[in-house]
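Trainee: Pasting the feature list from TrEMBL:
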| type | residues | note |
| --- | --- | --- |
| DOMAIN | 51-142 | domain 'SUEL-type lectin' |
| DOMAIN | 147-238 | domain 'SUEL-type lectin' |
| DOMAIN | 243-334 | domain 'SUEL-type lectin' |
| DOMAIN | 339-430 | domain 'SUEL-type lectin' |
| SIGNAL | 1-26 | signal peptide |
Amino acid sequence: MLFSGLSSTLLLGATCLLMSSGYTRADDVSPPKNARCDSEICRLSHVESITCEGSQTNLQCDKGQVLVIHSASYGRHDKTTCSDGRPTSQLQVVTCSSSTSDDVVASSCNGKNSCTIPATNSVFGDPCVGTYKYLEVVYTCQFQTVTCEGSEANLQCGEGQIIVVHGAHYGRHDKTTCSAGRPASQLQVVTCSSQSSTDVVAKSCNGKKSCTIPATNSVFGDPCVGTYKYMQVVYTCQFQTVTCEGSQINLQCGKGQVLVIHRADYGRRDKITCSAGRPASQLQLETCSSPGSKNIVANSCNGKNSCTISATSSVFGNPCFGTYKYLEVDYTCQFQSATCEGSQANLQCDKGQVLVIHRADYGRHDKTTCSAGRPASQLQVVQCSSPTSNDVVAKSCNGKNSCTVSASNSVFGDPCVGTYKYLEVVYTCQ
């Protein structure tokens, strides 16, 4: 079966892929062996795991989600990560990486709910003999659903959110999924897939709060006659807002949360949106888009609790003169907490919800955070991070309604002696 498992760090849906109907799709439900993490949303909401040589890395998504590996590297890229108690001679080589890292981790983890991989030479080979290495993995999580032939798939998002389909597959890829009570003759073909799967599901579901799709040949065609099939869908949920030209868009997250922009488009994609009272001549062009839309909105809003942007050509440029335009933005909200060294981080969800840690970092990345009353000498190092940050906070908090973590060297170790540090945590509640 493509999706299975269970283990230790969690994440709520991450990578945003955009399509001809307003989004882009993945060509198959199974993630590529090393899906790139070079988009703004991936960088903001990915999970990064670091495991020292000789230990095991445990990657885990929340219930109903699957792992997508963006990058993996077993080797060494600096002299500080996983350096405690190690002689200098084992830390000198900083351009060391096993060429099999991506393939090994992706093959073991992609499409699973969780996986465990030892950070050892026996698994990855030894790319630099005599150097003490570590395994670094960047990944995100996505929702997935499996529906047996003859049943219906029900995709659902929360209030104010819309479905974004990343991939869909109607067919069969193994002998175990949806096999109960079926004769062996109906399970033998495992390279069967309807080519229209993603398009059919995306057209039915993208941009909606919920949708229902029958897993039947009448919907997808029969890609393998005589084989009992199933439908797999991978999707995420995002907030969406539309603002007509000349108005302002107001994006707002709850208290303690920050905005993450997935998509923004200033232009026109159809004749209906923002059409009231407009002459037909201003609505004809449906392939109009300002290429800088996403960057402008992301630069103004990412990481803030709220932001306001004018849907005007003076802000975005005029991509189609004479056409009445609108600004469409897809976004999510995440909690963010910053706790100064020596204090405690208190993470809290509402009743009936549990914490999901996306990212944690104990160290320093700028000269302003937690700087009040501190001498300049304690604020100079801005590339300081404890490699255990994610694991420590995730193990203490994931799955709980609330938790308290001390921002101290005794908990995380001291990644930069003499520097005044802080603990930064990004999380959601589910």
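Start at 1 and count along the chain as shown; that gives each residue its number.
Glycine too: its Cβ is placed from the backbone N, Cα and C atoms.
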Trainee: Can you give me the average pLDDT across the domain 'SUEL-type lectin' (147-238), rounded to a whole number?
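Mentor: Over the domain 'SUEL-type lectin' (147-238), the predicted model scores a mean pLDDT of 92.
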Trainee: Looking only at the domain 'SUEL-type lectin' (147-238), how are its residues distributed among DSSP helix, strand and coil?
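Mentor: Grouping H, G, I as helix and E, B as strand yields 16 helix, 35 strand, 41 coil.
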Trainee: Using DSSP, how many residues of the domain 'SUEL-type lectin' (243-334) fall into helix, strand and coil, respectively?
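Mentor: Result for the domain 'SUEL-type lectin' (243-334), in helix, strand, coil order: 16 helix, 35 strand, 41 coil.
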Trainee: How many of the residues that make up the domain 'SUEL-type lectin' (51-142) does DSSP mark as helix, as strand and as coil?
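Mentor: Taking each residue of the domain 'SUEL-type lectin' (51-142) in turn, the totals are 16 helix, 35 strand, 41 coil.
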Trainee: Residue counts in helix (H, G, I), strand (E, B) and coil for the domain 'SUEL-type lectin' (339-430), per DSSP?
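Mentor: For the domain 'SUEL-type lectin' (339-430), the helix, strand and coil counts are 16 helix, 32 strand, 44 coil.
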